[in-house]
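*Asks:* Sharing a structure with you now.
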Amino acid sequence: MGCGKESCDPFSSAIHTGRSISASAAASREHPECGYPGTMEGITYLTQKDAQALDEELMGPLGFSVDQLMELAGLSVASAAATEYPASTHPRVLVVAGPGNNGGDGLVAARHLHHFGYQVAICYPKPTSKPLYDGLVTQCKSLGMPFVSAEELAAAPLASKFDVVLDAMFGFSFRGAPRPPFDAIIQMLKPDAHPPPVVAVDIPSGWSVEAGDESGGGLRPDMLVSLTAPKLCAKQFAGSHHYLGGRFVPPQIKEKFALNQPPYPGVSQCVRIGGSGRSPAAGPANVADMRLSYGAGGQSLDESDMAEAGPMQEFDAWFKLAASCGMQEPNAMSLATATADGRPSVRYVLLKGYDERGFVWYTNYDSAKGKHLEENSVAGLAFWWEPLQRQVRIEGVVEKVPDEESDAYFYSRPRGHQIGALVSMQSMPLRRGRAELEERAARLERQYADESVPVPRPPHWGGFLLRPLSVEFWQGRPSRLHDRLRYVRPSVDSCEWRLERLAPWGSSAGLRWVAEDTAVL
């Protein structure tokens, strides 16, 4: 197998060299300002009139049909609910559907939640007799989802039978007071009835679209999933999780209604825009029961497939596949270091290059990790790519990259990030709080306001290169019998890699894994 030297590694001519990521790509992979915000400042809230006009625009000039919008809305709701209330901890879901479009969204969400692995029951007291709704009911029944009556729900507290309730009774077109049996169901969902977490679809049922909970004694959902754009009543939402679903909204709609919306991360159909945090109503997470069955797609690692490639060739193929899966930062990796006396520390950093030598990242040399590496050059890296059920674990020896390489990457970064490297004395206590950091940033921004004058790379900022001694490729497989193939070599100068298969973690290999697999992480 190939080694880390260009002369004996045929991959070195094809793999990225030096900084592996181009200047433009490197800039785009810096920590984004968007992503997964806890609260969206300045977001647009719609009146009832605007919400109706927006829907008319979508279903008129822009060519959307009701069933298309319903499908997109239901998928968004199901995705958001599954994000905060996973099937591993909240498997039993009740969907309460009303007679209108909001109820249709709920029926679509029920179908998706079933396919996500939930046990879904549906209460649909006043079904709408139209082909669209009849089709949704048929789809849900064909999946074996039970339909329960309002009277059956009243027989016992909801929390005794369900882990989450999806409120899809009334949308933004609803007016007046809820009539039976919805009035009684709403009572079951109020806080004094101690329901399981309630997820409201677009509008908490019984609320005014604009004025919110006018009575002051209405629903208090734990989660609100606004559709297309939040309605005015959402300003009153004080629950744990506020999500937005509506990635399908075309630019014409955003311009016409002056919508200010956050970007959607990766390939997600929903984005978090607010909320207070985790809901006490959800109770403690049952961590012991959180488990997935890996390898359902039949993926496996075979020695014969990997024997011809060296570790860097294999990593390149895995990394490119991970980058194509819509992950926001496939280059995020945990970096484990240790002091001279063996005290470990771990944190996430971003991979910024890989080539025949090894793996490169950039940081402040005076940081805790920088000081650790100065004392003890042995370190470990780990990548986790959940969509692929894959991880890569790397151990080796770390050294600084040449100054010209650090310069090249530094000047590929946005100017604000260059100044940021001067601002932060990484890991040092800020005795005057954040104000100290912001004052220093403002001072340096004034100092380098003239963009024709380059920002000097600080001598304490640059790149590290980890030269690997072992690179392990891990693929999830059924029944925890995962595939683990590891390349090892005796020294960073050796051209000879040996490929070996390891027993999976937690297998019948007993306690051997404790010694083998806790060296770094």
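Easy rule for this one: first residue shown is 1, then count along the chain.
Placed from the backbone N, Cα and C atoms, the Cβ positions cover glycine too.
TrEMBL lists 51-261 with the feature domain 'YjeF N-terminal'. Look at TrEMBL and you will find Asn101, Asn102, Gly103, Gly104, Asp105, Gly171, Phe172, Ser173, Phe174, Arg175, Gly176, Ala177, Asp202 tagged as (6S)-NADPHX binding site. Annotation comment: TrEMBL describes Asn102, Asp167, Ser205 as K(+) binding site.
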*Asks:* Among the binding-site residues listed here, Phe172, Phe174, which has the most company in the form of other Cβ atoms within 10 Å of its Cβ?
*Replies:* Phe172
*Asks:* Here the binding-site residues are Asn101, Asn102, Ser205; which one has the lowest number of other Cβ atoms no more than 10 Å from its Cβ?
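*Replies:* With the binding-site residues Asn101, Asn102, Ser205, fewest surrounding Cβ atoms within 10 Å: Asn101.
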*Asks:* List the binding-site residues among Asn101, Gly103, Asp105, Gly176 whose C-alpha is within 10 Å of the C-alpha of Ser205 (K(+) binding site), in sequence order, or say none.
*Replies:* none
*Asks:* Radius 10 Å, atoms counted are CB only; among the binding-site residues Gly103, Gly176, which position scores highest?
*Replies:* Gly103
*Asks:* Within 10 Å of the Cβ of Asp167 (K(+) binding site), how many other Cβ atoms are there?
*Replies:* 30
*Asks:* Of these binding-site residues, Asp105, Asp202, which scores lowest on Cβ atoms within 10 Å?
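*Replies:* Selected from the binding-site residues Asp105, Asp202 on minimum Cβ neighbours within 10 Å: Asp202.
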*Asks:* To the nearest Å, how far is the Cα of Asp167 (K(+) binding site) from the Cα of Gly103 ((6S)-NADPHX binding site)?
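*Replies:* Their Cα atoms are separated by 9 Å.
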*Asks:* Note the Cβ centroid of Asn102, Asp167, Ser205, the recorded K(+) site, then list each other residue of that chain whose Cβ lies within 8 Å of it, in sequence.
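*Replies:* Near the K(+) site, the remaining chain residues are Val96, Gly98, Gly103, Gly106, Ala168, Met169, Phe170, Gly171, Ala200, Val201, Asp202, Ile203, Pro204.
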*Asks:* Can you work out the mean pLDDT of the predicted model over the domain 'YjeF N-terminal' (51-261)?
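*Replies:* That region's mean pLDDT is 93.
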